[in-house]
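Annotated features, as they stand in Swiss-Prot:
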BINDING   198, 199, 200, 201, 202, 206, 340, 341, 345, 429, 444, 535  ATP binding site
BINDING   248, 252, 318, 340, 341, 345, 353, 446, 450  (E)-4-coumaroyl-AMP binding site
BINDING   269, 452, 453  CoA binding site
REGION    271-340  region 'SBD1'
REGION    341-408  region 'SBD2'
């Protein structure tokens with residue numbers, strides 16, 4: 001029986017319709033550690049600008065960044081960090097983010113990245129789950145972690161000031177008395193180097209274990225080869241505006257820029273005037289954006305085509321972009337190629353990328369999110385039967401390759417539910433591949449709400465809501481929003497006799513979560529629709545929204 005089952009499985013694998021990049025596979029040096037890979041061409045670029053701090057104007061050459069990462073590694077080791085440990089980076093974009101990440105990598109440690117504007121509860125939960133040994137943060141988050149860290153004996157390093165109970169970044173990491181790390185620790189390509197948190201297709205945030213091999217492969221899939229899919233040149237100036245605590249920016253901006261030898265201009269936060277100023281001053285040529293930034297540029301009368309004339313490439317990820325928006329935006333950036341990518345944290349994160357970005361570009365279609373990256377396989381499966389589908393048939397997108405995650409930290413069950421026995425990562429996204437190998441996303445199986453590219457897990461908000469004494473049951477689903485893409489809205493069942501209002505519920509949630517997880521609207525219902533197994537029927541609730549629901553505080557839905 002066992003041999004028959006194996007034969008049947010092998011036959012099914014042979015019948016699988018697999019899609020690959022139009023670009024040929026390349027040799028990827030996945031035996032290298034991430035830092036060795038990024039600095040492999042250091043002798044050629046040592047004197048070139050590497051990181052430019054948009055706020056202070058400080059410029060760090062490639063040679064300086066490499067040395068400072070060694071110094072940061074020595075500083076982290078002095079704070080007790082060793083191979084297999086975890087460093088929490090609780091920072092907005094800044095040079096210290098790069099020094100810390102690369103320094104931890106040299107020690108064989110992993111970095112778990114988090115948004116400094118998270119609430120204390122959100123930060124503490126991630127730091128505890130990840131097992132952080134050191135927290136590197138900035139002024140806006142010091143108060144959120146100081147007590148938590150002191151209780152657990154975790155050193156806190158502050159990059160931008162002197163605070164009681166913290167050590168300064170310069171003193172801890174960059175002091176001249178600290179000898180830079182001479183030799184990196186013995187690191188295996190399958191050791192974890194990045195530990196971002198993602199909700200995957202469902203549930204609460206989970207630690208995504210990305211290894212040195214994962215990230216080397218993912219970056220190489222983008223920028224390596226004679227005809228790279230993402231053609232970064234050494235003379236390029238890449239804008240690093242999207243938050244580095246998000247894996248897309250860490251991978252496709254910082255690490256890809258380092259590998260290519262480009263200059264990287266770091267912005268701490270989005271400000272349209274500052275963006276224009278930095279673009280003019282430094283001659284920015286590559287600008288990775290998300291659609292909300294594209295919307296603001298497209299609609300702002302303050303931005304002219306002259307302001308952004310140096311930009312030759314605009315990478316848009318995290319959410320789909322319609323043709324009307326593209327046209328309005330391109331009028332402001334007439335010299336640029338605009339294209340989209342498609343990613344998922346668990347996939348390393350890039351699954352697909354626009355081939356108009358290649359050194360030898362291809363014609364691409366509007367609305368496509370690109371073609372699967374090279375050295376990887378993609379298939380479309382029927383979400384109900386698991387059967388493989390062909391071209392122009394919509395189903396769940398699955399990806400396989402060395403770039404995908406090792407698994408979820410301490411969560412084998414969720415790992416098993418996401419990566420099947422054949423090594424295919426199931427994205428929870430519904431899409432199809434057309435006759436030209438271009439991928440189109442049409443729907444989402446997974447529950448995650450995408451607010452301006454940020455993940456909002458419904459389960460997290462639901463768990464919070466039902467802790468309120470006036471709330472009997474709750475469900476959270478996305479509602480379409482022109483600016484944000486999606487916003488979270490809640491369906492609430494009040495306990496008998498309660499008169500709790502929409503505003504009271506919104507305020508209750510706002511105190512506990514980061515700004516982008518706050519509820520946009522609250523609707524009251526007699527009950528939450530659920531399957532026999534108790535699973536919330538989110539499609540039913542989304543259908544109610546699509547049908548149009550009155551939005552006053554007294555809305556009562558009959559289920």
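Going from the start of the chain as shown, residues are counted 1 onward.
Note that Cβ sites are derived from N, Cα and C of the backbone, with glycine treated the same way.
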Cβ atoms near residue 200 (ATP binding site) (within 10 Å, other residues, all chains): 28
For residue 345 (ATP binding site), the number of other Cβ atoms found within 10 Å of its own Cβ: 21
Candidate binding-site residues 198, 200, 269, 444, 453, pick with smallest Cα gap to residue 341 ((E)-4-coumaroyl-AMP binding site): 453
Other residues, Cβ within 8 Å of 269, 452, 453 Cβ centroid (CoA site): 242, 243, 270, 290, 292, 293, 454, 516
Residue pair residue 452 (CoA binding site), residue 198 (ATP binding site) - Cα distance, angstrom, rounded: 15
Alpha-carbon distance [residue 353 ((E)-4-coumaroyl-AMP binding site); residue 345 (ATP binding site)] in Å: 15
Other CB atoms within 10 A, centred on residue 452 (CoA binding site): 19
Other C-beta atoms that fall within 10 angstroms of the C-beta of residue 248 ((E)-4-coumaroyl-AMP binding site): 23
